[in-house]
Amino acid sequence: LSIGEHSQYARVWIPDPEEVWKSAELLKDYKPGDKVLQLRLEEGKDLEYCLDPKTKELPPLRNPDILVGENDLTALSYLHEPAVLHNLKVRFIDSKLIYTYCGIVLVAINPYEQLPIYGEDIINAYSGQNMGDMDPHIFAVAEEAYKQMARDERNQSIIVSGESGAGKTVSAKYAMRYFATVSGSASEANVEEKVLASNPIMESIGNAKTTRNDNSSRFGKYIEIGFDKRYRIIGANMRTYLLEKSRVVFQAEEERNYHIFYQLCASAALPEFKTLRLGNANYFHYTKQGGSPVIDGIDDAKEMVNTRQACTLLGISDSYQMGIFRILAGILHLGNVEFASRDSDSCAIPPKHDPLTIFCDLMGVEYEEMAHWLCHRKLATATETYIKPVSKLHAINARDALAKHIYANLFNWIVDHVNKALHSTVKQHSFIGVLDIYGFETFEINSFEQFCINYANEKLQQQFNMHVFKLEQEEYMKEQIPWTLIDFYDNQPCINLIEAKMGVLDLLDEECKMPKGSDDTWAQKLYNTHLNKCALFEKPRLSNKAFIIKHFADKVEYQCEGFLEKNKDTVYEEQIKVLKSSKFKLLPELFQDEEKVISPTSATSSGRVPLSRTPVKPAKARPGQTSKEHKKTVGHQFRNSLHLLMETLNATTPHYVRCIKPNDFKFPFTFDEKRAVQQLRACGVLETIRISAAGFPSRWTYQEFFSRYRVLMKQKDVLSDRKQTCKNVLEKLILDKDKYQFGKTKIFFRAGQVAYLEKIRADKLRAACIRIQKTIRGWLMRKKYMRMRKAAITIQRYVRGYQARCYAKFLRRTRAAIIIQKFQRMYVVRKRYQCMRDATIALQALLRGYLVRNKYQMMLREHKSIIIQKHIRGWLARVHYRRTLKAIVYLQCCYRRMMAKRELKKLKIEARSVERYKKLHIGLENKIMQLQRKIDEQNKEYKSLLEKMNNLEITYTTETEKLRSDVERLRVSEEEAKNATNRVLSLQEEIAKLQKELHQTQTEKKTIEEWADKYKHETEQVNMQSQVHELTYRSLVTDELHDRSNWSSHFGFLFSVTETMEKKLVEETKQLELDLNDERLRYQNLLNEFSRLEERYDDLKDEMNLMPGHKRTDSTHSSNESEYTFSSEITEAEDLPLRMEEPSEKKAPLDMSLFLKLQKRVTELEQEKQSLQDELDRKEEQALRAKAKVPPIRGAELEYESLKRQELESENKKLKNELNELQKALTETRSPEVTAPGAPAYRVLLDQLTSVSEELEVRKEEVLILRSQLVSQKEAIQPKVNTSQGVHWVVKLHCVTHVPQSPQDYHMLNEDGELWLVYEGLKQANRLLESQLQSQKKSHENELESLRGEIQSLKEENNRQQQLLAQNLQLPPEARIEASLQHEITRLTNENLDLMEQLEKQDKTVRKLKKQLKVFAKKIGELEVGQMENISPGQIIDEPIRPVNIPRKEKDFQGMLEYKKEDEQKLVKNLILELKPRGVAVNLIPGLPAYILFMCVRHADYLNDDQKVRSLLTSTINGIKKVLKKRGDDFETVSFWLSNTCRFLHCLKQYSGEEGFMKHNTPRQNEHCLTNFDLAEYRQVLSDLAIQIYQQLVRVLENILQPMIVSGMLEHETIQGVSGVKPTGLRKRTSSIADEGTYTLDSIIRQLNSFHSVMCQHGMDPELIKQVVKQMFYIIGAVTLNNLLLRKDMCSWSKGMQIRYNVSQLEEWLRDKNLMNSGAKETLEPLIQAAQLLQVKKKTDEDAEAICSMCNALTTAQIVKVLNLYTPVNEFEERVLVSFIRTIQLRLRDRKDSPQLLMDAKHIFPVTFPFNPSSLALETIQIPASLGLGFISRV
């Protein structure tokens, strides 16, 4: 440090025993030779600081406040220990930031508190970002490793180190979570979940509670996460180092054994653990020694569940899990085994010792053997082997050694199985290793474990130093700066002391081989070898059993006791043999040879050296084995593992994370400076600082230096060449050229030079500020004086004006009084005259009315008498007519009866003749049988339908009764509402009366006062006249003011009530809109998920098709039959089974629209079936009613027919009996020969008799049934038949039903087939009846629907009336009147709208009739023209022929396009798949493909071809999906098809024929509506497709905008020179100056213009464009805000100004495009408020209140985060105090908002497609030849 920098007021750091370093200020300049510095501490105390007389080293200088709190420690101007410590403390305590960069190292301080900075949103924010662009984070290091692996094709390592409790394991866990989230897995096996699931297993068996950490890792591990060529996780492999086995058998005070033992004890009550015979942790010796079996906040039983779930996920079966738990329980029981001493050299176990019995049962070994070998050992000599008892102490040690050995082998076995589960069969391309290893340790008593740990840290520190040195050298060489060798600490001597020949480990192994080797002899060898020979080795003064090694971090004293035993790790061979002979199969597995346990993961597929195949845990020395490998000690194995680890790390690119423990008490956000400095020295952070500080630590690019220090330059110094400009300025500012160096792209500064430049810059700015303040204050004072002068003149003017107005007012009042007197006198006289005139007129009116009424009464009496006479005369004439008519009818009846009797007699005679009867029935047999069958079937159907009709009648009556009761109830409620309305009206009338009376009282009061004034004027003197006027005027004014105040209060109350109601209405509306948007968003998210799954399905199908041996099926073969099935007619029953039984291979992907349409079709068929049955029921019912209505004459005929039928039946029975008797007589009287069964006479006679009898029986039944059926059918048809055809058939029926008069008639009946004609007539009559019944049914249903609608409307009206009435009754009287008036106005408005709607319908009908009239007139004109053209040629032959121009008549197109069915694929290919959007959008009309497709659909609809419609729509939808899948990343393609899909959807709505969509159509367009098909279901399918395209468009937008947003909105300086650039350190952030390749705000606006112009060219709906713009602005705002919240360097006042300016430019763009009402501006509100938060004052409570009210769009977490990150760029800005942030948190604690820090940048607003009809006429559309659609013709 230069002496000149230690001047007066310079701030320095001085050592302090409590705070390590303390800040002080120099009171006077330091001069060379001074031995004392005069200082003043921060608390105001003066101090004399004595310099070291030997070194005379000055205290380190303090950095400017502007540099404090930097993200990177290397950005500090002064790089030394106190600066590092202070920067970390400020970030940790004040800003709550736990991560800080120190060059290439990430320093992580354990907060001892859960922080919301590890969510998936944070992971997404860091993904893809450069390391220096974001705030320090473990995710940034992980992203850097992931990116370098992909970019450099080189394996990476993340080395996490630190003390126990510093957070190493958590940091490693978060790094692995980042890789799992960002990369995903290459298979469906969820490898990333398995990698994360290995953590709870390894923590349970390898972590324990220590005095420093509740979850301390007691082993080191290196996890390699493997990736494939696409950099997706495919597997992992784990290596472990130096498990602390001694913890199994011993724990210090306040510590615990491994977690798994306590988890087992906590779960002992589970049924499956009953056999383990576990209990409380305090029962077992191995778990109770620490005296702290419970960890606060940790439930061991729940942790056990998590451990078991993780084991299951990793493929460790339940049986293996129970085996592991058996072994662990056995270890616990083994620890409780006790020994009884027999003598000093022998011991024994008590007989039937319970702990040992349980241990042997669990392990499956013999009790006697285990008890014997626990108390004895076998000794082998060259000649013999003998068994020797051991002492109690040795037995206990042997027991503990066995327990440790079992646990260590179990640990290794579990690690191997975890590696098997994480092993991948896919070839590994690269890996990232995460090393979670113990940091440097030093305790009061340090043993073999601490020695190994510190040895490993020495190796890691050496590798770290070499890497830092290498990076520093590369930077200098790249910038072509002279490289001078930097001296840095090399700890190779310390490593040699430990691992070299005759080093500590070598001597230890040698001593272990000695028969009588001990710790004492080993210590003596160390002293003899290294003491006074190696500077790093020392001997403690007071001990001969310890030694000291000077490590890189600190001196450590190691106790020699236990070194040899731990290094040898001896276990008795006999005990192992007993365990190997166990019946429990898992136990011998643990002791198999090393080769058999090796996991498959050791053989890596990438061809690199397998690093994980060193022993996972140092192998134990097993007696009896003579191999060299077996004799390796623990130290030797650890040294080999460490060498392999270093080889792995050297072959990868390392990334360093140093975890710091801020205090030993686990207090959240508490910083202990002493402990922090110890760890900083131990972890190598300060060494990194020292290496950086030895050269040129501060580095600036030329552009950054120019931007920051432009204020120090004069205009003439600024050249076009930035590099030369910077050189010229620096030569003037810093005279010592050794203080800086110019590189190719950067300027390198020595330590302290940046602080010097900052001081010069601050002085310059301070002088400029003083000048600005001086000028502004003078301007403000002048402004104030001018304002006061202007105010005085204004007051004078107003006072003089007021006085003049008062005088003029007096003159006006005097004149007004005279005029009032004149008019008052005139009023009295006129009133008297009007009273007399009114009385006269009233008398005249009464008299004239009396005379007129008398005359009217007389005329009325005469008129009534004439009417009475008329009615009496008519009645007499009618009585005479009825008597005459009755007599005539009686005579007719008598005559007809006589004629009928004669006819009956003739028929009886004819019926007796059998031969005649046979002749009648010839030829009718077959016909009658057929008719009989059909009639039987009809009767059955009739009965079933009659039953159904009865049921329907019952249900109908019940529904009718319910509806009647509802109507009655509604009528009652309506009457109540009317009564309430009447009461309200009466109250209004009373109020009106009271108001009128009040007005009258006021007028009377005024008249009285006027009379009083008049009297006073007459009686008092003239000089008092003016005073009287003044008093009267004052009284009037007060009354008026009083009345006005009353009314104003009344109206104010009314207005307040109205405002509250309006507010409630607005809130409810907003809530409904939010609910609608949520529902819409949910639906669209489901649709998005469906489309994603559909795409996933397609991809999988494509992959399956590409696989060898798989035959691809033609999926399009059955698309026409399987997708979008729709028909408007009744589907044939045969078609349904075919569709249901399609082969599964031909089924297209499941389509929801197809499923919905099939459902709808089924319901339609069921409804049609039901309607047909109802029609049959009604037909039968009408037939019965018609029977009941037959006239009496017809009834007589029926009686006659029934009598005739009965007589015929009786005659037939007689004939049958006679024939039977005849048959019997023949059989009895004839001889046996004749009557034998075989005789010919018998056969012939018998056959004849049988045939005659059967024929007679059949004919009789058929004739009877036929006649009755015909009569009934005729009676049912006669009342209904009105057409000529019906009359014809009725006549025929009448002829048939009368019995023929002669035999010829019967022959004619049989031969001509008139019965068949009658039957056909009946069928036609039935059809006619069915059509009539159907029309009646439809009318009935329409009436029923209208009644239901009226009932529903009445219910709603009644409810509304009741609600209004209840609200009115709750209101005060004044508000009640106002509400009733408002209600009446609303009702009248609704009625007016209804009337207007009816009027519009009538107008439409009139227009339709006029149009038909025009059509008819046109046809008549054409007919007339045709008649004129029919003139014969001879009539015109003589006329001269004149040449005329014959115009070609234009073809009248119908707006349809015709194509052949086989051309459908060609149409889709040319119009969709191969269409280039750019050409179409520029050269043709917008939406042309949509119009063409719709015109094709119209033609298919015109042809009534449902198959064609379905096929075309299906192909269209699939084609659009295909082209979007192929070119889905092209914005123009997606925008083009979104526009056309919406236009197609609008066309289907516009021409659907529905009233709601036809309002804006022209008459011609209404003619083009679809006629045969309802495509509502397809509209839904197209709407879903449009939603998917919209979401794809948003994703394309996001991908294009994402790289521009941060650079353009945050980093680029739109307003040059406002935000200065601060030093950045080694982790360079992206430059905020616009270089050639960076994005600016103009880039974003140009891109927005491009998007907008493309959408407009494609004819996208304006509403849809607004929604797209809103989504774009939301993405811009969310990404910008998220980056702001994660970047400390962006949170400053000047950056807030830049952001607000950028937002204003975006708003200007919205105004230019007329998109301010799109809601896009509102999406930027959080960003605007964050920018305002950066700029407002942040000091007082008023400022806090203002911030809380202003930042309503930001969450509490976001506000606090911005305040914590706020960083001054200049010295004039002040930091935010911690107390102010606490105040903000207190004020916002009641706010209920999301705890999430970042906005969801992936959120997509729900989209709607408002109906937008087209004015384009379809018949005018021309198809360009460029589309290649020549096979389509216009129709």
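Placement of Cβ uses the backbone N, Cα and C atoms for every residue, glycine included.
TrEMBL labels come from automatic prediction, so no person has curated them.
As the structure is a computational prediction, the values presented were derived from the model and not from experiment.
As recorded in TrEMBL, the features of this protein are as follows:
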type     : residues                                                       : note
BINDING  : Gly162, Glu163, Ser164, Gly165, Ala166, Gly167, Lys168, Thr169 : ATP binding site
COILED   : 914-1004                                                       : coiled coil
COILED   : 1069-1103                                                      : coiled coil
COILED   : 1155-1228                                                      : coiled coil
COILED   : 1319-1419                                                      : coiled coil
COMPBIAS : 1116-1130                                                      : compositional bias 'Polar residues'
DOMAIN   : 7-59                                                           : domain 'Myosin N-terminal SH3-like'
DOMAIN   : 68-762                                                         : domain 'Myosin motor'
DOMAIN   : 1514-1790                                                      : domain 'Dilute'
REGION   : 601-633                                                        : region 'Disordered'
REGION   : 642-664                                                        : region 'Actin-binding'
REGION   : 1109-1132                                                      : region 'Disordered'
Surrounding residues of the coiled coil (1069-1103) on its own chain - C-beta under 8 Å, 6+ positions past either end:
1149, 1152, 1525, 1584, 1587-1588, 1591, 1804-1808
Is the region 'Actin-binding' (642-664) packed against any residues at least 6 beyond its ends, judged by a Cβ distance under 8 Å, and which are they?
88, 92, 102, 104-112, 138, 141, 144-145, 148, 152, 154-168, 171, 175, 212, 222, 239, 241, 433, 435, 439, 455-456, 459-460, 463-464, 467, 608-609, 611, 614, 670-672, 675-676, 679-680, 683-685
Fewest-neighbour residue among binding-site residues, criterion Cβ within 10 Å, set Ser164, Thr169:
Ser164
For Gly167 (ATP binding site), what is the tally of other C-beta atoms lying within 10 angstroms of its C-beta?
25
For a quick check of packing: other C-beta atoms within 10 Å of the C-beta of Lys168 (ATP binding site), how many?
27
At 10 angstroms around each C-beta, which of the binding-site residues Gly162, Glu163, Gly165, Ala166 has the fewest other C-beta atoms nearby?
Gly165
Once Gly162, Glu163, Ser164, Gly165, Ala166, Gly167, Lys168, Thr169 are set aside, which residues in the chain still have Cβ within 8 Å of the Cβ centroid of the ATP site?
Asn110, Asn213, Ser216, Ser217, Gly439, Cys659, Lys661
Return the average pLDDT for the domain 'Myosin motor' (68-762) as a whole number.
83
What is the number of residues in the domain 'Myosin N-terminal SH3-like' (7-59) that are helix, strand and coil, as DSSP sees it?
0 helix, 24 strand, 29 coil
